[in-house]
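Now, the feature entries from Swiss-Prot:
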BINDING   299-310, 382-387  substrate binding site
ACT_SITE  Asp301  active site, proton acceptor
MOD_RES   Tyr385  2',4',5'-topaquinone
ACT_SITE  Tyr385  active site, schiff-base intermediate with substrate
BINDING   His436, His438, His595  Cu cation binding site
BINDING   Asp445, Phe446, Asp584  Mn(2+) binding site
REGION    629-648  region 'Disordered'
Amino acid sequence: MTLNAESEALVGVSHPLDPLSRVEIARAVAILKEGPAAAESFRFISVELREPSKDDLRAGVAVAREADAVLVDRAQARSFEAVVDLEAGTVDSWKLLAENIQPPFMLDEFAECEDACRKDPEVIAALAKRGLTNLDLVCFEPWSVGYFGEDNEGRRLMRALVFVRDEADDSPYAHPIENFIVFYDLNAGKVVRLEDDQAIPVPSARGNYLPKYVGEARTDLKPLNITQPEGASFTVTGNHVTWADWSFRVGFTPREGLVLHQLKFKDQGVDRPVINRASLSEMVVPYGDTAPVQAKKNAFDSGEYNIGNMANSLTLGCDCLGEIKYFDGHSVDSHGNPWTIENAICMHEEDDSILWKHFDFREGTAETRRSRKLVISFIATVANYEYAFYWHLFLDGSIEFLVKATGILSTAGQLPGEKNPYGQSLNNDGLYAPIHQHMFNVRMDFELDGVKNAVYEVDMEYPEHNPTGTAFMAVDRLLETEQKAIRKTNEAKHRFWKIANHESKNLVNEPVAYRLIPTNGIQLAARDDAYVSKRAQFARNNLWVTAYDRTERFAAGEYPNQATGADDGLHIWTQKDRNIVDTDLVVWYTFGMHHVVRLEDWPVMPRQNIGFMLEPHGFFNQNPTLNLPTSTSTTQTGEADTCCHTDK
């Protein structure tokens, strides 16, 4: 590659926030390999856009295309960060990270671990003692090792849970090999430890969901077709999208997956900024079982596994319905080869029932307007689980973030007839699934009508003068500093939070605002002194608000893999107790699912919805959807019908 081929490096780039193209990723890798990362022992963890500063973007000044890269040198067992100027062909920054830092794993590292486990003589011999000799049917599932007080400094470790199939398509999660864990050091390139404890019989009953196992599909459901004869209502130019009154830019990173930039709403002809940047910041799945293997399950699927790299290539008719626009995601493998997840992001419209309606009984007339939403989504497979992440934009200015959890339970083995109190038995053959949580944190860099924002907590309170006992009111309390803004949900007080702009007033001279409706606002169940609680302190509270700092990107810190939690993350940054009134601020919301497993979750789990809403709260002077046309639909004959088609 020619390192000064500026025009080639910028192929497909039309805006400073556009994700790196494959050409740009290859160029960044080539620059690094001709510079400080020339040794064969280097592995690439990520190469992504170094986003320009917000000041430069607002000023509209020309900015160089730069890449942020994270690498591991296996020979040194050390990690590095680099900043590459793609136009100049230079490495502008090369930083050696602390010895205890381990970046996220790469997909090909998972394959490397599984292959090494399958070939290790000690593992083969131990499995043979358990009667398992056909290694082709044994599945090694690499997990992060977390941190439980061990000194693993300089070791880049995975621990493989082990399952077995009856045949090629059989679900391995029906047959866990309990109390059998293989530890693999990626830097050393070898299995370093095998934990082979009390042998529990491998459950033999199957748990399959493929059509060839479950029999004929039902035939009584009639086709339900989604048709848009005039096409979709959105317009896409590169990564820029306009739909109804909304406009935004679509981004993608290996760590976060889908990112929304520069989210604006057109009000009376004016594009009003709402959120500058929004994305999944972190997630953790802690298990509540005390069994030796299960007690150490607590995956940080974003910070340890780069959940964006695990995005599926989405397909029409299965993952998305309607008139679809897809966006690809570009990343890099550990050897520096660019690769593309085709159709990583899906965008489409959905009908959303009624938006507003009123029947005037005096006049005998009715007005109804139907709602629709724009759906921007990606779906990631993290070993056994699928997480589908959705941003929903509504016509009235509301925003929803939704996670749809599905896939297969992470299972465990017990003696046949046992009833583990920390999980749900899935059959009478010794298979169970432990209780666990799915905790998510979303980072929202607000820019509500401008940079200077503030946050209020709103609780229901009873006034002192309440002679009838029926009076109650909503009381605002300004959250002035970062420490005061570390908050939990409170359903008894009907609590929500408002993001406001004191310099922008509405019709009744109140600051314009959006409110965060804290649905699914659970907290981490583990005790505060548990290792997972120390590492996932973001999940001990629901709301965090920080003064903007471009280096503070992820709720559990930049590198949670094997980290203690003592050095980085929201709980560290907020110790500064910075002012968050009338300043550039970031809102972080933690929510989740307390997953008490049920039989109906097996052998594949029906979707569970987890999320929250953002709603305009005095941001507009009235309902912004009064200009919607009367709701009609088109019948199968192509004729417009009032509201709906009926059979009389």
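Here the Cβ of each residue, glycine as well, is placed from N, Cα and C on the backbone.
What you see is a predicted model, and the numbers here were worked out from it, not measured in a lab.
Between the alpha carbons (Cα) of His595 (Cu cation binding site) and Phe446 (Mn(2+) binding site) lies a span of roughly 31 Å.
Ranked by Cβ neighbours within 10 A across all protein chains shown, the binding-site residues His436, His595 are led by His436. Under the DSSP three-state reduction, Asp445 (Mn(2+) binding site) is assigned to strand. The separation of His438 (Cu cation binding site) from Tyr305 (substrate binding site), Cα to Cα, is 15 Å. On a Cα basis, Asp301 (active site, proton acceptor) lies 10 Å away from Tyr385 (substrate binding site). Taking the mean position of the Cβ atoms of His436, His438, His595 as the Cu cation site, the remaining same-chain residues with a Cβ inside 8 Å of that point are Val285, Tyr287, Ala405, Ile435, Gln437, Gly592, Met593, His594. Classification of Asp584 (Mn(2+) binding site) by DSSP places it in coil, neither helical nor stranded.
Comparing the Cα of Val382 (substrate binding site) with the Cα of every entry in Asp301, His436, His438, Asp584, these being the recorded positions, the smallest distance points to Asp301. For Asp301 (active site, proton acceptor), the same-chain residues 6+ apart in sequence whose C-beta sits under 8 angstroms from its C-beta are Met283, Val284, Val285, Ile307, Ala380, Val382, Tyr387.
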